[in-house]
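Student: Below, the features straight out of Swiss-Prot:
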COMPBIAS  61-70  compositional bias 'Polar residues'
REGION    61-82  region 'Disordered'
DOMAIN    90-166  domain 'Biotinyl-binding'
MOD_RES   LYS132  N6-biotinyllysine
Amino acid sequence: MNIQEIKDLMAQFDTSSLREFLFKTNEGELIFSKNEQHLNASISNQEHAVPVPQVQLVPNSTASEASSPASVKDVPVEEQPQAESFVAEGDIVESPLVGVAYLAASPDKPPFVAVGDTVKKGQTLVIIEAMKVMNEVPAPCDGVITEILVSNEDVIEFGQGLVRIK
């Protein structure tokens, strides 16, 4: 992919309503994002800051290994003792689509679920907004919420964990 093609993609992304865009090729990945979490902290301090599209080119591992400098040294990683590791119990409810997660029906309403709540199969856990459509994510089984893995208004990916039910 040449520079002009990348510039064209960037211009199209900038004028679109997309918040994130990932383009994979044999050469690597091209990631565009308009999300505020990717912005430089100095921009957020300005009075009328406008989100600036961020571009990140991530090369494939074979390309990065070939171009890595010889001065990079392998450092052994020490393993942590098993006693300190935390193993969470329960099943993770995954996102069925890409979108924005909402933990409540509206900002002034209480969340659908909280840690410790008992839920019934089919009860709404989260709403995911995708293309201006609100999609309810139901509980796949009866159980107790042990962990909420996303925050309100997080941009989430397909298959990303939303809540853990035991």
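One-based numbering along the chain as shown.
Including glycine, each Cβ sits where the backbone N, Cα and C put it.
Model, not experiment: these values are computed from the prediction.
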Student: Looking only at the domain 'Biotinyl-binding' (90-166), what is the model's average confidence as pLDDT?
Tutor: 91
Student: Within 10 Å of the Cβ of LYS132 (N6-biotinyllysine), how many other Cβ atoms are there?
Tutor: 7
